[in-house]
Each structure stands twice: as structure tokens, then as C-alpha cells.
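Q: Here you go, one structure.
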Amino acid sequence: MPNANASLPPLSTSHPSSIRRLLSHSAARLLISALFVLGTWQLVVVLFEMPSFILPAPHDVLHKLLTRQEVLLKNTWITAQEIFLGLLLGLSMGLFFALQMLLFEPLKRWLLPILIASQAIPVFAIAPVLMLWLGYGVSSKVVMAAIIIFFPVTTCCYDGLRNTPRGYLDLATTMGANRWQRLRQIQLPAAMPTLASGVRIAVVIAPIGAVVGEWVGSSGGLGYLMLQANARMIIDEMFAALFILAVLSITLYFVTDKLLKILIPWENQ
């Protein structure tokens with residue numbers, strides 16, 4: 001009797017494998033997530049007959065994105081500057097204070113309460129003081145973003161520097177390396193993966209500081225635009241600004257993550 005299975009074509013596995021490859025790509029996962037959110041959003045609007053002044057439909061927000069391009073781009077540029085400069089300032093401060101605590105151990109007892117206080121006090125409480133001191137321009141929002149990322153960057157960097165394997169340091173000392181050489185050639189490279197984690201946290205929360213500053217007092221930026229649109233009940237414009245802020249934050253995270261993987265190839269080793 002002939003084998004019944006002999007005439008059957010071999011099962012193809014290329015289709016499932018291609019789907020797996022597609023789902024493993026970050027851009028594809030992001031697109032699928034976005035489509036799911038938009039679909040759920042549209043479904044909620046239709047099923048519950050939500051009025052546009054409470055929850056506008058996705059096509060209304062898209063229309064506002066297209067018709068108010070100039071205003072949205074202008075305010076996006078302001079917020080992007082605040083976030084970028086705040087990141088530069090916060091990362092520089094975090095690295096500087098982490099090095100100071102490592103090199104001068106008694107200084108840690110004085111700086112630690114400052115680090116904790118910078119996170120314990122709500123950002124809304126700090127914002128009016130910064131507006132009073134620095135005015136309603138970009139500088140107060142930059143400082144706000146820097147303050148909010150200061151703690152995670154400092155603690156991640158300090159932990160990475162302090163937890164360098166002792167054997168590496170002892171070997172370098174035996175070979176005649178001084179303190180600066182140990183720091184530059186061993187401790188800083190060893191701390192980079194931990195610092196990278198702090199940087200990833202920083203790029204996610206830095207927009208919070210910038211937008212909160214714009215809410216408290218500003219004449220431009222996405223936070224300012226959201227506040228003005230909400231006050232005038234132009235809810236689709238408020239959602240358009242919120243959408244751009246989300247896209248800006250997600251883009252910043254993935255670009256930073258890609259750069260860190262290039263600059264610190266030993267991160268996952």
C-alpha cells in the first residue's frame with residue numbers, strides 16, 4: 001500500500017516565521033500598538049456616542065493636525081528645545097554629582113538629602129518658584145526638566161561607579177594605575193550600562209518637567225497649547241497636541257536606545 005503521506009506537499013513554515021520576524025521588529029510592534037489604540041478609541045466613540053467636546057474621534061484629531069500644522073510645529077519646536085536642553089543639563093549634573101560622591105565619600109552624606117528632596121517635593125510646587133526666579137521663558141522649563149531627571153541619573157551613575165568589580169580595581173592598582181587611570185579606564189566603562197538605564201529613564205520623564213513648566217506659566221509649547229485649547233473647549237486641538245507630545249517622547253526614547261546600543265556595545269555582556 002503506498003504511503004499516503006508521500007503525496008502530501010511539505011508543510012511550509014515560511015509564513016509563520018515571516019510573521020515572527022515582522023513582530024520582532026520594533027517599528028512593526030509600535031505600528032500594531034498604535035493601530036490597536038486608534039481602533040479602540042474609535043470603537044469607544046461610536047459605541048458610547050461620545051460628544052466631541054469630551055472625546056473627539058480620531059479623524060477629528062487628524063483633521064486638526066493637518067489644518068493647524070504651523071501652530072503645532074511652532075509649539076512642538078519650543079517643547080523639543082526645552083526637553084533636549086533639560087536632558088543635557090540634567091545628565092551633566094547627574095554625572096558630575098555621581099563623580100563627586102565617588103571621589104569624596106563624606107560628600108555623599110551632604111548630597112543625598114538634596115537628591116531625595118529633589119524628588120520628594122512635587123514638581124508643581126517647584127514650578128512657581130522657578131517661574132519667579134527664571135521668568136516665563138525656556139530657561140525655567142529647562143531647569144524643571146533637569147530637576148526631574150537629576151535623581152535617577154545620579155543614582156544610576158553612582159551605583160555603576162561604586163559597583164565596579166573589585167578584582168579589576170585591584171589588578172589595575174597592582175599594575176601601577178593611579179586613581180584617575182582607574183576611574184577613566186575601568187570604573188567609567190564599567191558604569192556605562194547602569195548609566196544607560198538612567199538615561200533611558202531620563203528621556204521618558206524629561207517631557208513631564210517641560211510640560212508641567214508650560215502649564216504653570218508659558219507663552220508657547222505643547223503644554224501651553226493644550227492648556228489654551230482646553231480652556232476654549234477646542235478638545236480636538238488639545239488631543240492633537242497630546243498626540244504630538246506622545247510621538248515626540250516615543251521617538252526620543254527609541255533614538256536614544258539605538259544610540260546607547262551603538263555607543264555601549266558591551267551593555268548586555
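Just so it is clear, glycine is given a Cβ too, placed from its N, Cα and C backbone atoms.
In TrEMBL, annotation is done automatically, which means it is predicted and not curated.
Got these off TrEMBL a minute ago, pasting:
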TRANSMEM  27-48  transmembrane segment
DOMAIN    72-256  domain 'ABC transmembrane type-1'
TRANSMEM  83-103  transmembrane segment
TRANSMEM  110-136  transmembrane segment
TRANSMEM  142-161  transmembrane segment
TRANSMEM  188-213  transmembrane segment
TRANSMEM  233-255  transmembrane segment
Q: Grab the same-chain neighbours of the transmembrane segment (83-103) for me: Cβ-Cβ under 8 Å, and only residues 6 or more beyond its ends, written as numbers and ranges.
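A: Cβ under 8 Å, 6 or more out: 111, 115, 138, 141-150, 152-158, 161-162, 183, 187, 195, 198-199, 202-203, 206-207, 209-210, 248, 252.
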Q: Of the listed stretches (27-48, 110-136, 142-161, 188-213), which one yields the highest count of Cβ-Cβ distances below 8 Å with the transmembrane segment (233-255)?
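A: It is 188-213 that shares the most Cβ pairs under 8 Å with the transmembrane segment (233-255).
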